[in-house]
Structure formats: C-alpha cells, structure tokens
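As given in TrEMBL:
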SIGNAL    1-27  signal peptide
DOMAIN    73-153  domain 'Cadherin'
DOMAIN    154-262  domain 'Cadherin'
DOMAIN    263-377  domain 'Cadherin'
DOMAIN    378-482  domain 'Cadherin'
DOMAIN    482-599  domain 'Cadherin'
TRANSMEM  599-628  transmembrane segment
C-alpha cells in the first residue's frame, strides 16, 4: 500500500512525536548527583532530580496542549506539599506547568524557523512556606524540525548569456536555492536541482546548480534566447520532498561567424556630369548576419577605371559604403566608369576562418549623363595691366570662353556691373576684348577686379563666369607736398644757425625706383634775412635761423615758401608755405607762450589779476542782490506770525464751565455784523485759482442762515488768503456734513437741529453760561429772538 504525500507527512510527525516522548521519559528517569543543598532547621538532603533538554515537535496541529515533559523532585512525596513553578522564555505564554504534578505542556503552535529552542528555569517550592526545597535549575526545550519549508531561489529569476557556437559543457550560470528547515536534522534541507524546461539545449548539475550547454553549435542567428525552468527539491529529491522553481533567461551573444555578402554581384548608377565634387553617387551595403562590432566592415575600391575619380567610405551607423566624387565629371571626356569594390569584416574570429573568407566583391558601373553646361573660360583668372594715362577705348586684353557641350553654341560676353560700378571698362560681346571706358587713376584704385559673364547664344540661362584682375600702371601725375601740417616755432632768444624744423614730403605716385625729392626756397624767399633751408638729400630738409633778436612785438609770424621737386619723368613740383611763430621760450628752448597780444597790456597787470578782479566784482553783486531780496521778503511775508493767524482761534464748547472766558478768543460781534466789507486779497507767490465747491443744502430755521453765510465768508477768505501757506488745509467752523452717523457735535449748529431739548436750564448755571443761555434759550432775552 503506497502512502500519499499527506499521509506520509502525518506518519513522519507521529514517528517523531513517539521518539520525542520516549526521550523525555528517559530524561525524567535520569538521575545524577549534585551539590548538597542545606535548609535551616533540617538535615542535609540530596537533590535527586535533574533533566536533559526536552524536545517538542513543531507545527503541532492538535486541539489539546502538546505534552512536553515532566519535572519531578525526590522531595515530592506525592502528598501535594510541593508545587512547581516555571520561568524564562515563553513561560506562561507558550509553556505551562502543572504545579502539582510538574507536567509541562505547549499551548501554542511552535515554528522552529522562528525560534529553534527556549531556555527556561524550574523550581520546586514548599506549598506552605513558599520556600524553595530545591535550587532553581535551567533547562532547554528544543523544537524538533519537520519538513515544512520548500526550497526558495532568493536571487531569481536569473538572466545570463553565453556565446553562440560554444562547445558542450560551457558554464552559463549557477543558481542557488535555500531551505529554511534544519540542515542538521534529516534531509529536510538537502536540495537537489533539475531542469524542467530548456532541454535538450541546457543541463544543470544536481548538487551545485550550475547550468551548462548541452548541445554544440547553437546559432544566435537561428535563435538567440532560451527560457529555462529550474527546480530545487529537498529530501534529496525523494518522493514527499518539497520543491521550488525559478526561471533562467539565457541569451546567446554574438560571435563573428558570418562573413559579409553583397546581395547583388553588380550595381549600376546614372549621375549627371554637373554633379559637384564630394557629392554622393551611390550607397551600397554588404549583408552581415552578425551584430555590433562583429558586423563592422570596411569598403575599398580594388580595381576599375575610376580609382582617381571616385572614392568609397563607410557609414559607421549603417555600415554602408558611400561612393563620392573626387574629380569633376565630363560627359564629353568619358561617359562611364567601372569600379570593383570589396567589403571585409574588420574584426575576424580565427576560430571561424574555416567558414570561408570574411570578405566579398561586387562591381559598380557609373554612367555619366550629359547636361547642358555653361560656357567655360580658358583661364580661371586673367591678369591684365593698363597705364593710368590710357585714353578712353584703349584695348586692355581679351578673354575667351567656349561651350563644352557637343553643340558648341556661340558665346556672348558681358561685364558684371556689380563688380564695375563706375563702368571703367567695356567688353566686346562677340570677341571678348576689354577696353577702357573712362579715365583711370591709380591713386584712386590701383587694381580693378571684374567678373566677365559668358552666355550661350542658344540658351542664355547657361552663364559662365571668368575673373579678370586689371592692374593700373602709375605715371607721374601728382606733385609732392608736405608730409604733414607743421607747427614751427622760433624762440626770441634763438641764435643764428639754429635748427627750428625738419620737414619731409610725400607723393601719391608710386615710381618703380622709389621717390626722390629736392627742397629749396623760392626765388623771392631765397634772400630773406631770417631763415634758410638745407636739403639733407634723404627726402628731408632742415630749416635754420639766419639771425637772432626775434621779437613778438615787432613780428609774431613768418611765412617761408619752400619749393619741392620730385624725380619723375617729367618731374613735378609744388610750393608749400611753412608758418613760423615767434615764441617766448624757457632756458631749455621750450616755447612758453606765442601770444603777441600779451605785450599790449600795461606793465604790472597780468591776465590772472584781471580775472581775479572780475570775480570779486561778481561776488559783491550777488551778495547785494541776496540782501535786497531778503529785506523785501521781511517787509511782505507770505505767512503771518502766530499772533496774527486767526485761523488757529477755535471756539470750543465741549468742556464744562468757562463762561465768558471761552469766548475771549473769538469776537462774537462778527456774528451780528455781517455787512463788513472785506477786500479781496490775492496771494503774491501763486496765481489764485478759486474753486467753489458745491455745498449740500441745509434744512434749518431762518436764524441758521446767518451762521452759514458767516462760514461761507470765512471759507472764501481762506481760499484767497495771501498769507496762507502753500498747502491744502481744512477749516471747519460749524457744519460737519450730513453723512456723519453721529451727526454734528458743534454747538453752533445745534440751533438748526430739530431737537426738542430745552436749554433754558443754562440760565440757572450762572454768569459763566449766560452767553450760551442767550444763544439757545427760548426766553424773551434770547440773542436772536
């Protein structure tokens, strides 16, 4: 009768439980001697209960507590006078003890993988005195393992690579499974490996988990990836063992086992003859089943009649061969080219040389197509010369161009006027003869670069360009002149023969042998008694004094005409005037002042003194003006002093008492006499702009009109008051607006209110409030009744 997996596990659990109980019974019967234990008032007794470690089976699934073992002491006579207590790991929570019998039970399911053993302490106590009758002893409860954990691949799933075409037995990767069961007890943690998926390509070592290749010549180009399933089973792979699986993805890496091959033996391309140099003619590619560096290749032209006309290079991204033009194509010279091109791998693996040469050949034929080309000049650059004295219409030179096509159309010439804006030259449209159209000047432009256009007569759109450089030859047509504007001075204390100036000349012409100038004084200046000229024969001359005693009062400026002749043929000359000023110099001969007018001033009064006098006069004038202005402002101040500023006089009625003293600051007579004529005053510092704001209409008794008119008068006076400061100010005399929630607090406006309050009691407050009683009382003595 065969046992199933579940039945077999139950059988193993029962068997282990039986062995555990047998061991505990043996432990319970085991006795050994120990040190004596003394108790006061008693005779010496011998401890005679000792136990080894207990064993308890893990994962117990029963409903009753699991019996672990029994504690017993020789002192215990079985009369219930001894009780047993338990302490330590798991005491009371996991393990309980019968205090009468010493039986230990486990109340919870135990897992060896969580905790393999528990250390506890036991003690026997006298039930009456609660004193120990035996020393406390320590013991261990060890959890007995069962096969309840399957192997696990903690690092899975795995990925690995192996080169294609690897021999059988090549190691790929090692997988490792772990089992949480006790490796020291039984075979619960002994694992063996097997392959469930991936055969016959790969195999696995049962004990080590090393995966190896099982077939030779696995080709990446046929299949580049394999999925393996590896199983790990405990109990040494026997029936009833637990198992776990993982996946391994194996990728075949590439090796250079495929040579390049052209898809075609020959290629043909048509290109126009006008294609520029460095243009791409064609792209060809040899197929290579490999990838990466193993597919890299190089191309070269090994034969053909276009070796110097074309070249081939490789595109690193696409591994294509790019054929480009090295020289211009000419259909009239050659109509086709044939190229033999080779493609070869750069990185060759010697292990696969037996598969054949890792290169291939193909033929490329290039057909040149005829196009209508523009005329071509016989020279890319024409150099011509002409004298600047040439007459209009002088022939300078001739250019020539022809149509390179087979039709050989006639050519017409013209000058690109963008290169000859001044139209100095003309060209004959048929012959190409270039002539002068205007007078030339080398000093303005020594070289003219013009572009000549050649157009086909039958197709004017075809235009060729030729470049002509015309150099203008120099003639002696410019007279020499001073090289610069000289500022020459002579000191009043100069001695005869003293050098006062060295001069030189320039000439716009450019003679072949260089310039040579000759200096001399003009005929009318040759016999002057002041200065002389010495030619240095090196294109320079020196001006010297002939006498001393120069005085600015007598003559402050001298003009010396100098005659300069060049060496041209014919020679040209010019007269240049040198201006010489007489100056007062210091001891070193450095000019201090050359102003002759300074001597006209009286002696002892210099220019600086005059400037100082003028500055003092101006300062005094400014001070006088400031004093006058300040005095005028004091006489007519813009702002009155505090004693005259009546705007600060505010009548207050918001305090108790005061009486007549409260009105001393305000003249109440002004309230009765409203016919006082006030002269309208204007401000002196600003132009008055009087804007009368609209006022809300008051509903009041007729007497209130008097107060309102008074306020209006005061408001107008404030608006045009010339003594008011130049800023806005708010002046409130009575009315505070209808929009106020609390309404007016002024006693001046109370007469216009509709209040029914009786103010007759004010007359009872004494003479201090008599004025208020007269204003607001209703008696016959009311001020305005």
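Backbone N, Cα and C atoms are what each Cβ position is placed from, and that goes for glycine too.
Unlike curated entries, TrEMBL annotations are predicted automatically.
Mean pLDDT across the domain 'Cadherin' (73-153) comes to 84 in this model. According to DSSP, the secondary structure content of the domain 'Cadherin' (482-599) in residues is 7 helix, 53 strand, 58 coil.
The helix, strand and coil residue counts that DSSP assigns across the domain 'Cadherin' (263-377) are 10 helix, 54 strand, 51 coil.
According to DSSP, the secondary structure content of the domain 'Cadherin' (154-262) in residues is 3 helix, 45 strand, 61 coil. When the domain 'Cadherin' (73-153) is classified with DSSP, helix, strand and coil residues number 0 helix, 35 strand, 46 coil.
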